[in-house]
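The structure appears right after this line, and notes come after that.
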Amino acid sequence: MAEERRQKQCSVVMPTESMKAMAESVGVGQLQEDSCVALSEEVSYRIKEIVQDALKFMHHGKRRKLTTNDIDHALKLKNVEPLYGFQSQEFIPFRFASGGGRELHFYEEKEVDLSDIINTPLPRVPLDVSLKAPKEQQKSEFTEPLKVVKPGQEEEGSIQAKGQGATSAEGLGKEKGSIRIKPRSTHELSVEQQLYYKEITEACVGSCEAKRAEALQSIATDPGLYQMLPRFSTFISEGVRVNVVQNNLALLIYLMRMVKALMDNPTLYLEKYLHELIPAVVTCIVSKQLCLRPDVDNHWALRDFAARLMAQSCKTFSTTNNNIQSRITKTFTKSLLDEKTQWTTRYGCIAGLAELGPDVIKTLIIARLSVEGARIKAVMEGPVVSNIDKIGAEHVQSLLLKHCASVIAKTRPLPDVVDQYRTDYGYLGPMLCSHVVKARAQAALQAQQVNRTTLTITQPRPTLTVSQSTLGVSSGPRTPSIIKVPSSLALMSTRPGTPTQPSPPTTKYIVMATSAGAASTQQVITLSSAQSGSPVTSTVPSTPSTLQPLVKLESSSTAGMSRPLQKYIVVSLPSSSSVDSKGSGVLPASTSPISVEQSVKLERSESPAASTQSPH
Amino acid sequence: MAAVQDGQVESDAEKETKPDASNDVAGNSSGGARSMSPNAASSASGAAKAAAPTGPGEQQTLLAVLQFLKRSKLLESVDILRREAGLSDELDESQTNDGAAAGSASLLRRVSVGGAAATNIAATTTSKGAEDQPDVSIVLSAYSQQGDPALYQVYYSGLKNFIESVLDCHRAELSQLFYPLFVHMYLELVYNNHEHEAKVFFEKFSGDQECYYRDDLRVLSGLTKKEHMKGNETLLDFRTSKFVLRISRDSYQLLKRHLQERQNNQIWLIIQEHLYIDIFDGMPRSKSQIDSMSGSLAGEARREANKAKVYYGLLKEPEIEVPLDDEDDEAENEEGKPKKKKPKKDNLGSKNKKQDPNAPQQNRIPLPELKDSDKLDKIMSMKEATKKIRLGPDTLPSICFYTFLNAYQGLTSVDVTDDSSLIAGGFADSTVRVWSVTPKKLRKVKSAADLNLIDKEADDVLERIMDEKTASESKILYGHSGPVYGISFSPDRNYLLSSSEDGTVRLWSLQTFTCLVGYKGHNYPVWDTQFSPYGYYFVSGGHDRIARLWATDHYQPLRMFAGHLADITCTHFHPNSNYVATGSADRTVRLWDVLNGNCVRIFSGHKGPIHSLAFSPNGKYVASGATDGRVLLWDIGHGLMIGELKGHTDTVYALKFSRDGEILASGSMDGTVRLWDALKAFDVETDDFTAATGHIHLPDNSQELLLGTYMTKSTPVIHLHFTRRNLLLAAGGYNSQ
């Protein structure tokens with residue numbers, strides 16, 4: 001075989017016909033056969049020689065492909081004028097033609113009209129040479145110690161993983177001429193995407209509630225946002241960082257709603273960005289101060305809402321690897337146990353823990369009830385301290401009652417004796433006792449109404465009713481309206497967004513109720529501290545007139561009492577799906593979800609502002 | 001004709017020695033001696049006439065000669081020869097054959113027709129006038145007398161049969177003969193215009209040759225006419241320089257006996273004339289041993305070529321007081337002054353002060369004095385070195401790949417400064433580009449007019465002379481008129497060297513970003529250039545097969561290193577700056593002494609042109625990579641090959657040892673970076689015998705030594721560099737196809 005090839009090598013010469021053709025092309029007519037043979041052998045040898053030299057240039061040019069330039073350089077070596085006009089870097093197509101018993105290969109030279117060349121717009125200037133290195137690697141040179149790669153895995157599979165510095169960096173960037181570092185890293189956005197991003201972020205933090213609703217709806221439902229996800233996540237985390245310092249409660253709320261919307265979007269996979277989102281959310285839960293006037297502003301609602309987000313992300317994303325839930329629990333517990341923790345942070349910790357489920361409540365909160373009770377007592381009954389502390393203590397108290405009562409109702413054997421409670425739970429015992437009694441009553445009621453009672457057991461949501469009933473302490477009539485809802489709480493915990501489920505209406509409703517609870521608590525409490533008026537009435541003034549249609553719709557299904565509640569519910573629950581389901585659930589005739597939401601939004605957008613104004 | 005074959009061949013054999021001698025003289029004096037070679041020949045003939053005893057076979061020989069001349073239509077020569085023969089000018093040449101041939105019976109009855117031959121030559125040349133022939137022609141034209149090209153095949157296959165029938169232990173050694181014999185016989189056929197026979201001969205036997213001679217055979221196959229040989233330097237070299245074979249005494253005796261028995265003088269002649277057989281006592285070598293060493297254009301290196309003493313040790317580092325003010329280097333400075341690039345941190349300071357017994361005299365080569373800025377830089381590098389990661393099989397370096405985008409396959413060379421702050425690329429479009437890879441941008445010095453305005457007493461005068469307006473991440477240097485194939489930063493980062501296809505080496509200032517000097521001397525493409533590790537000197541090598549040593553302030557080379565038989569493809573300075581290594585397309589690596597220009601080492605064993613070289617940081621070893629994808633390791637002190645690293649599938653363009661010499665990184669056209677355990681590779685036990693004979697059993701342990709393979713997508717790796725902290729930087733131009 002090798003021999004065959006050698007033979008070929010040895011005998012390859014230009015055909016004499018080519019010689020003749022070439023001779024004709026330069027005007028030599030009758031070339032003798034002998035001359036042709038001699039010429040062809042000579043020419044073949046020279047060509048081989050030149051190509052062999054050209055190969056040297058190719059090797060030194062670090063290429064695999066021989067180019068016309070290499071040939072030129074080889075000719076130059078031999079002191080031969082290079083062939084001008086063959087500057088192509090690429091393959092030069094030779095055409096084939098035959099006729100008259102002759103076969104020809106030739107290089108087609110097209111006639112070019114100069115005016116065409118002059119008139120055509122200039123082609124794009126080729127990109128200039130640039131030097132790229134993976135960014136993180138560069139950094140590592142200066143900051144980190146070298147990464148150690150384990151030996152003994154030279155096979156292909158590991159090569160790619162190990163050789164990421166070489167491969168990922170250069171491989172990815174080629175299409176657009178710029179380098180990308182990792183698949184996770186930000187991608188360049190198209191102009192449309194940039195516009196979209198700008199619009200969305202502006203709407204989310206802007207003043208127009210209608211726009212915000214649309215934007216959040218878009219975030220929560222649009223597929224294909226993954227390219228913008230890193231930017232959104234940075235936007236949120238940076239936004240929280242800035243606005244916490246500036247105590248801009250409204251913006252914090254908007255940002256949390258964005259988080260909620262992102263989490264609601266089934267096409268987005270947030271896990272890669274939790275490192276940005278979780279700190280933002282936790283900040284909104286436990287920060288000492290979230291608003292300019294802590295005594296009046298309702299930052300409690302934000303804490304509740306963020307706590308719920310936190311709980312949701314724990315459920316969704318916590319794995320044995322990242323251990324989010326246990327890490328978060330530890331964080332909360334630590335500051336809860338700290339004596340010096342302020343009431344605001346304390347509230348956040350408790351809310352955060354409570355949202356994590358009855359087990360957490362049972363082991364971490366109920367165990368602390370007496371201690372917390374004593375602390376609350378000290379504030380409530382002790383010498384007059386600052387108003388802020390008092391408000392904080394009240395909120396913590398109501399929060400504890402709300403969350404603990406339902407759990408205790410499930411776990412504690414029946415006879416609810418006030419004294420027993422007092423011995424068990426200290427200062428909060430009596431109040432807790434009454435809450436538990438109510439909770440039991442509700443549970444019984446629900447068991448009759450809905451078959452799903454069992455679900456409610458697992459859920460922390462029923463505690464909402466308790467919170468309502470804490471309101472109830474000040475305002476009796478409210479509880480019943482809320483009580484309707486609790487059974488569906490279990491469903492609520494499954495991610496909203498499936499409006500077609502038969503039970504969701506109640507679920508959603510409950511959700512709203514819970515947030516309503518929070519929201520209304522906010523209102524109520526501000527009122528109670530300032531005026532001690534009925535909570536319901538207090539909320540009404542803040543609802544703007546634009547809400548009229550909404551009110552009408554709801555009025556058809558429920559008592560007028562629930563109106564303000566619903567509104568407030570929406571405030572804390574921006575997700576469109578919940579609104580949507582609410583609409584469908586509450587109203588047999590489906591109203592356009594957007595209009596409902598819009599109105600809700602509008603109201604909500606004002607609510608923080610309103611709440612800041614209303615007390616004074 | 002065939003009947004008289006034997007005797008005639010004999011006589012030819014004797015006659016041959018004479019023109020050979022003249023050829024040797026002429027060959028050494030190169031082309032310029034052409035016109036005088038006929039004179040030499042005629043003087044030889046004169047000498048022949050002086051002593052004129054007659055031998056019995058002479059008539060036959062004369063007849064044969066005449067016959068040949070007639071056939072060649074050289075009637076004039078025939079006449080002259082007739083006339084001279086009629087004068088009965090016989091020449092009994094005293095035995096000028098070397099001792100190896102002594103004892104042969106043929107020698108005794110040898111009849112020299114040297115006089116006739118010489119006359120013949122003289123006649124031929126005069127009749128043709130001033131014939132433009134290389135000197136080899138004389139040697140060859142003498143062969144032409146015996147005339148029967150058809151027998152070449154018989155000779156060759158006769159030898160082949162013999163070698164195949166000998167004992168295994170000798171067969172491998174004697175097989176080495178095949179290739180040089182084949183080439184020489186083929187060339188003789190070609191030279192004597194037996195085109196057809198040459199072709200048949202080539203076809204029949206080229207397949208037998210070792211595969212690593214493939215490239216040469218391809219060149220050879222194209223060569224079918226005498227005229228072709230004229231301009232072909234490669235073949236000229238093959239003829240004028242002897243092909244070196246290393247054969248044990250036993251095998252050699254066997255061969256000699258065979259050739260004498262068979263009266264196979266044609267082959268014997270070639271062996272005498274064109275081969276240098278290095279005979280050694282001891283065990284014949286095995287096939288693998290031979291294969292590992294052979295492959296170069298001129299055979300193996302002669303043993304004595306590698307006997308010269310090489311001072312491979314490192315120079316003593318100048319003592320620099322390291323300021324102790326920085327918080328992070330107190331620990332290291334307690335124990336003395338750590339060395340700069342070869343930071344044997346575990347060494348105590350006292351040991352550093354001792355002169356390495358293998359190191360050259362400090363002033364053997366005058367080195368430039370250290371400037372203050374150099375000292376500062378050394379201090380910096382020492383500090384960096386203290387933060388270095390100690391590499392090993394368990395702690396491999398991270399690799400950072402610098403990809404040249406949009407280079408359109410035009411990237412031809414890359415270099416990185418020692419402190420890894422700058423990267424320069426040479427491009428096929430004749431430009432040189434310099435990038436800063438640190439946040440510090442590249443700035444030019446202000447113009448002379450502006451410089452006058454500067455307060456020269458200011459503390460930050462060095463900062464003030466820079467023109468802030470010119471700050472950019474990269475600068476382009478224009479000046480070459482051909483692809484830039486070699487590039488090298490000076491150690492102080494003030495200069496950059498580039499070598500190009502246009503035959504010049506240019507020195508650029510990195511302060512003004514202008515060309516300072518164009519060194520002209522190579523008239524052909526300059527493939528590579530490199531600065532000495534101490535600056536000031538640099539070496540360049542190119543297509544003209546001569547490596548030149550320059551000093552930046554001399555426009556003419558200080559030394560010219562001649563000896564390679566083909567292009568010098570890469571050049572590299574020894575860490576102590578006293579030696580220069582060159583790799584060549586003749587598939588050898590040579591080490592040259594800068595002091596006297598001598599070639600002190602020849603390393604043969606590569607099977608393709610060598611494209612990369614790297615010295616180990618301790619100066620004891622050199623690694624070389626070639627187009628065959630193999631990396632070979634050499635012990636400089638003993639002149640031995642000590643390792644072979646197989647794994648790459650294409651040309652190895654980049655080699656680099658880690659700062660401590662524990663890891664060897666190799667980068668290749670195949671788009672991979674491979675890391676090898678250098679310590680383990682160098683850990684080869686060499687007993688006295690191997691050291692003396694150079695026959696080493698190479699363990700085939702490439703797979704064990706390979707620590708990692710890192711693929712790029714489509715980027716040939718053309719440069720590698722270890723930062724002072726042992727991070728590995730690699731560079732290459734992305735290949736979009």
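Cβ atoms are placed via backbone N, Cα and C, with glycine included.
Over in TrEMBL, the protein carries these features:
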type	residues	note
REGION	B:1-55	region 'Disordered'
COMPBIAS	B:12-21	compositional bias 'Basic and acidic residues'
COMPBIAS	B:33-52	compositional bias 'Low complexity'
DOMAIN	B:147-275	domain 'TFIID subunit TAF5 NTD2'
COMPBIAS	B:322-333	compositional bias 'Acidic residues'
REGION	B:322-373	region 'Disordered'
COMPBIAS	B:345-356	compositional bias 'Basic and acidic residues'
REPEAT	B:404-445	repeat 'WD'
REPEAT	B:477-512	repeat 'WD'
REPEAT	B:519-560	repeat 'WD'
REPEAT	B:561-602	repeat 'WD'
REPEAT	B:603-636	repeat 'WD'
REPEAT	B:645-677	repeat 'WD'
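Counted over residue pairs separated by six or more positions, the repeat 'WD' (B:519-560) shares fewer than 3 Cβ pairs under 8 angstroms with the repeat 'WD' (B:603-636), which leaves the two as not touching. Residues in the repeat 'WD' (B:477-512) partition by DSSP class (helix H, G, I; strand E, B; coil) as 0 helix, 19 strand, 17 coil. Within its own chain, the repeat 'WD' (B:477-512) is flanked in space by residues 371, 373-374, 377, 410, 412-419, 421-422, 424-434, 442, 444-445, 518-531, 533-535, 538, 540, 542, 550, 552, 571, which lie at least six positions past its ends and keep a Cβ under 8 Å from the stretch. For the repeat 'WD' (B:645-677), the number of residues in each DSSP class (helix H, G, I; strand E, B; coil) is 0 helix, 19 strand, 14 coil. Confidence in the repeat 'WD' (B:519-560), given as mean pLDDT, stands at 92. Each residue in the repeat 'WD' (B:561-602) gets a DSSP state, and the totals come to 0 helix, 24 strand, 18 coil.
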